[in-house]
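S.K.: Straight from TrEMBL, here's the annotation block:
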type: COMPBIAS; residues: 367-382; note: compositional bias 'Basic and acidic residues'
type: DOMAIN; residues: 7-337; note: domain 'G-protein coupled receptors family 1 profile'
type: REGION; residues: 363-382; note: region 'Disordered'
type: TRANSMEM; residues: 26-44; note: transmembrane segment
type: TRANSMEM; residues: 64-85; note: transmembrane segment
type: TRANSMEM; residues: 97-117; note: transmembrane segment
type: TRANSMEM; residues: 155-181; note: transmembrane segment
type: TRANSMEM; residues: 278-301; note: transmembrane segment
type: TRANSMEM; residues: 321-340; note: transmembrane segment
Amino acid sequence: MVVGVLGNTLVIYVYRRRFKRTSSNYFILTMAIFDLVACGVGMPTEIYDLLKPFTFYSDVGCKIFRSTEIFTIYGSVVVLVEIAFDRYFKICRPLMVVSLFKIKALCMVAAVLALLFSTPSFLLNGIKRTQTPIRGVCGFDCSIAHAYKNTAFQMAYYVFLAVVFILTLIILTLLYVRIWLELRQRRRMVIGDQLTKPRDDELAEVKRFRVRYASSMSDEESGGSRANSATNLTLNCINTGANNSSLTATMSSSTSKRSRFSSLASYASRLHASRTTVVLFAVTVAFVLSFLPALGVMVVRTVVKDFDEKQSMGSLVATKIFSKFNFINNAINPIIYSFLNINFRRQARKAVEKVFCCDRRHRHPPQKADSDRSTKKEYIHA
């Protein structure tokens with residue numbers, strides 16, 4: 001919980017204040033907001049429910065808690081689908097440009113759809129009177145309310161959530177397979193003109209050329225900071241000749257070089273896009289793997305009647321833990337960004353160092369008056 005709250009707060013700060021406004025950064029920022037709500041609201045309540053399973057007395061609190069959980073889960077689902085489509089258009093259909101205004105609108109659509117998906121949960125859940133391990137003593141649990149237990153409404157809602165998740169999994173699989181095929185095809189392409197390999201009796205002279213290409217050409221998909229508005233690209237060109245002569249600059253050769261550098265800059269921007277795709281794909285895989293146990297528990301509860309009532313105290317706690325595996329994804333996303341995104345790791349380190357440096361300054365303010373007084377004494381003595 002602590003890792004999730006601090007990590008997602010750091011993600012929101014870095015992507016909001018340090019990084020440029022790009023489609024992928026907007027989606028990551030939206031995901032971090034959903035994760036922060038899950039870690040800050042859903043996780044503490046779930047921990048309390050696990051530690052004291054028979055002392056949940058607030059019916060309204062139960063409804064808000066369960067609805068918030070569904071809201072964050074399916075908000076993340078919608079954002080992941082939007083991310084997959086964004087990656088598909090960036091890599092497989094690069095000429096189709098989606099404006100940042102539409103990206104913001106898609107983020108709002110994710111929140112609205114998540115709210116619609118979680119509304120039935122507000123009606124479905126509530127306080128349920130249940131039997132404790134102590135004979136003759138009853139407690140109160142936050143789960144499906146007695147009025148909707150084993151009803152068609154409960155089954156229809158669970159089936160709907162399962163179908164949404166399965167369709168999402170199919171869409172994500174198809175899109176990322178298509179993206180992977182496109183990236184594999186690009187890696188097989190020959191970059192620029194084919195370079196002549198020098199013979200053993202020839203002298204190879206390596207010239208280094210630096211090419212600056214505007215960040216507007218790329219998708220800024222490496223997650224670079226705002227200060228890095230352009231990227232340097234280094235190219236090694238091999239010049240062969242027995243007499244170690246210099247290159248002859250002609251109009252045709254300069255045009256050829258300019259064309260080659262342009263193609264290399266385009267390739268570099270696509271390479272940045274592929275790196276960001278790897279990060280977002282890792283986030284998607286982590287979400288799917290963390291949600292599968294919860295989906296399994298949901299299916300079993302729908303198929304098996306009185307599933308919770310037939311379990312012992314230990315198995316009931318284990319079932320609740322498996323059904324809440326999705327919280328792992330909310331806390332692990334900042335760790336994924338730290339491992340796979342170098343720029344995020346660099347900016348996050350700067351932000352943390354800035355906080356600690358400010359804290360040290362407040363604790364140990366500089367003794368300006370004493371230092372001035374000592375300086376005056378030394379001056380008089382001199």
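Going from the start of the chain as shown, residues are counted 1 onward.
The backbone N, Cα and C atoms fix where each Cβ goes, glycine too.
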S.K.: Flag the pair the transmembrane segment (321-340) / the transmembrane segment (155-181) as in contact if three or more Cβ pairs fall under 8 Å (sequence separation 6 or more).
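M.R.: Counting Cβ pairs under 8 Å (6 or more apart in sequence), the transmembrane segment (321-340) does not reach the transmembrane segment (155-181), since there are fewer than 3.
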S.K.: Give the nonlocal contacts of the transmembrane segment (278-301) in its own chain as ranges (CB under 8 Å, at least six residues past its ends).
M.R.: 24, 27-28, 31, 73, 76-77, 80, 83-84, 87, 158, 161-162, 165, 169, 172, 176, 223, 307-308, 319, 322-329, 332-333, 336-337, 340-341
S.K.: Looking only at the recorded stretches 64-85, 97-117, 155-181, which one has the largest tally of CB-CB distances under 8 Å to the transmembrane segment (26-44)?
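M.R.: Per the Cβ count, the answer is 64-85.
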S.K.: How about long-range neighbours of the transmembrane segment (64-85): same chain, 6 or more residues beyond its ends, C-beta under 8 Å?
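M.R.: For the transmembrane segment (64-85), the sequence-distant neighbours (Cβ-Cβ under 8 Å, at least 6 residues beyond its ends) are 24, 27, 30-31, 34-35, 37-38, 41-42, 45-46, 49, 106-107, 109-111, 113-115, 117-119, 121-122, 124-125, 142, 161, 164-165, 168, 171-172, 175-176, 280, 283-284, 287, 291, 326, 329-330.
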